[in-house]
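Step one of this worksheet: look at the structure below.
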Amino acid sequence: MQLGVIGLGRMGRIVADRALDAGHEVVAFDVDAEAVAAVADAGADPAGSLADFVEQLGTEKRIWLMVPAGDAIDAALADLEPHLDDEDVVVDGGNSHFEDSTRRAETTPAAYLDCGTSGGPASAEAGFSLMIGGPEWAYDELTPVFDAVATGPAGHARMGPAGSGHYVKMVHNGVEYALMEAYGEGFELLSDGRYDLDLESVARTWNNGAVIRSWLLELCEEAFAEEGSDLGTVADRVEGGSTGTWTVQEALSQEVPVPLIYTALAERFGSRAANGRFARRLANRLRYGFGRHEVARSE
Ligand SMILES: NC(=O)C1=CN([C@@H]2O[C@H](COP(=O)(O)OP(=O)(O)OC[C@H]3O[C@@H](n4cnc5c(N)ncnc54)[C@H](O)[C@@H]3O)[C@@H](O)[C@H]2O)C=CC1
Ligand SMILES: O=C(CO)[C@H](O)[C@H](O)COP(=O)(O)O
């Protein structure tokens, strides 16, 4: 199949490479000319502009967008729109908000598939997990490409109608936050607790047969191996947060309690306070107010 890929960064390049490896023809475009040149070296047909891109695709276009979520998707769709019709298929493989995806599915002239993509750049060799929403015929049509980009046929599925793919990926990311927080708390107790432990060894042991083994735990093992048990110079600051915020907002609107996901998100926000958490500093001062407990002060 001929596949057009727009966005050749960390994730889009993997989509292009895996499609090429499976024997598909790839037409590739990115606003970064160097990224286009690099994927051309790998066997893709380079497009120097969006006009060149759509011209090379011809009729019955199959297009995979892998650009940052938000304005970049709308900008790419606005440029593509005059060239699309209802026989074409557009896949958004980024972390878009599911409500943006349902809106785009209604307004895009082509069939629109919202595709939650999990695995990250580390899954270049193994393939991704793909959670897809949108019309069944379009999902069936793109299945050979999904087989190639995912771990295989078991690595992708149609979740339901428009929006459902990105909805499932949003919740996936909420779970990701909570799991990271749970591992973080456990290792913090081990790090600060009674025994002088080699945390790489703990993680390796857990990864071999323990109930809590997982890929995230393998990444913990890798982090301790590379940074040391004390995590060396790794800062107490966690970026990101958009998909976790959406998960919590959606849980509130559905009145579903998600305290673990909320706590993990709040910990991230708390990690970014410039001078330590204001709330913790106030609690420190209040203990003096009611109990005359000594106030710990920074230098
Ligand atoms: N990095 C990760 O671990 C994961 C990322 N995602 C999602 O995948 C999407 C892409 O992420 P990354 O590849 O990590 O980002 P990236 O920043 O590495 O790459 C984005 C690419 O899109 C290009 N681009 C931006 N606007 C464009 C436009 N209008 N036309 C053509 N090219 C354009 C940029 O030049 C860049 O090469 C995002 O929505 C992200 O949230 C999803 C799962 C995992
Ligand atoms: O989707 C992903 C993994 O599944 C991306 O890595 C995403 O960036 C993670 O979310 P955050 O940036 O909020 O940590």
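Including glycine, each Cβ sits where the backbone N, Cα and C put it.
Here TrEMBL has S118, G119, G120, H172, N173, Y177, R268 binding substrate, and the candidate from N95, N207, N284 in that same listed site is N95.
If you compare every pair of Cα atoms in G7, L8, G9, R10, M11, G12, V67, P68, A69, N95, the residues listed for NAD(+), the longest distance is 15 angstrom. Residue density at N95 (substrate binding site): 21 other Cβ atoms are found within 10 A of its Cβ, drawing on all protein chains shown.
Closest to G7 (NAD(+) binding site) by Cα-Cα distance, out of the binding-site residues N95, S118, G119, H172, is N95.
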